[in-house]
Amino acid sequence: MSPTTQAWSINNTVVKENYYTEILSCITTFNTLNFLIVIISVVGMAGNATVLWLLGFHMHRNAFSVYVLNLAGADFLYLCAQTVYSLECVLQFDNSYFYFLLTILMFNYLAGFCMIAAISTERCLSVTWPIWYHCQRPRHTSATVCALFWAFSLLLSLLLGQGCGFLFSKFDYSFCRYCNFIATAFLIVIFMVLFVSSLALLAKIICGSHRIPVTRFYVTIALTVLVFIFFGLPIGICVFLLPWIHMMLSSFFYEMVTLLSCVNSCANPIIYFFVGSIRHHRLQRQTLKLLLQRAMQDTPEEEGGERGPSQKSEDLEVVRCSS
């Protein structure tokens, strides 16, 4: 064997070893991220199931808790689908429903996005026009809005699944782009509503002569919105917006934003119970139901942790409406 041939053989062997080492490293990273996604999703499913159980069967529902209930439902279904999807990727068993799971993920992501925007917008309306809100707002507005958001999210995800070949048809480039454009425009509109309403609510709290007192419910809303922006929004940008600018991202990046989206869905129940436990009496029994009620408490507290006596806004509005 000539020196040139021997050198080429050695170099070729080194290249192959480096290639297989790199592939093995990628597979290990991919599987590790998917296992983390599964663990976070299981924890999140337990938390959201607890919220669903308490709000659905053990607590009196109001205009805002209806949105929280639907948000917990969207997060629970999203985490369920993501768990199955990640296990299919790692274990590589029957993937006949692989693309169907993508449609379910899009459906619940869109629904959850809408619920967060609805919570912020409704709260903004209640403090900006309190008399109209308490006197003229239809009684079943929250349930109606949630039903419309679920229906529109389902329709949009089915159109995307059908046009992009996720369901029962072949990939149609033109129709897929058209549906993706509608979904992207819808997400931008919902995000602008969320952004403007959150800023208006923040301005009402910290600015002006008629500043509203900070309650636990405002803290809950603020943390929920912030967590969604930092953890839940990136996957929406990657899936719906980046294809329009023809930006190709690595599979590792997509796994990371998927992990962040699971953290977002898992974090909401933790936020509720954390806010409910702030300044809690140590001698008082801390049940999950009580913590959830306190997280949605809309009256400020005095130093002792009790509700402020001056906050009877809802009662005053009822009297004003009836007079």
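The backbone N, Cα and C atoms fix where each Cβ goes, and this holds for glycine too.
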**Prompt:** Which residue among Asn11, Asn48 does Swiss-Prot mark as N-linked glycosylation site?
**Reply:** Asn11
**Asked** Membrane-wise, does Swiss-Prot list Leu33 and Ser250 on the same side?
**Response** yes
**Asked** Excluding the flanking five residues on each side, which residues at least 6 beyond the ends of the transmembrane segment (225-245) place their CB within less than 8 Å of a CB in that stretch?
**Response** 106, 109, 112-113, 116, 120, 180-181, 183-184, 187, 191, 194, 198, 253-254, 257-258, 260-261, 263-265, 267-268, 271
**Complete:** Among 64-84, 181-201, 256-276, the most Cβ pairs under 8 Å with the transmembrane segment (148-168) come from 181-201
**Item:** Residues in the topological domain 'Extracellular' (169-180) grouped by DSSP into helix, strand and remaining coil
**Value:** 8 helix, 0 strand, 4 coil
**Prompt:** With pairs 6 or more apart in sequence, are the transmembrane segment (181-201) and the transmembrane segment (256-276) linked by at least 3 Cβ pairs under 8 Å?
**Reply:** no
**Request:** Could you please provide the mean pLDDT value for the topological domain 'Extracellular' (85-98)?
**Result:** 77
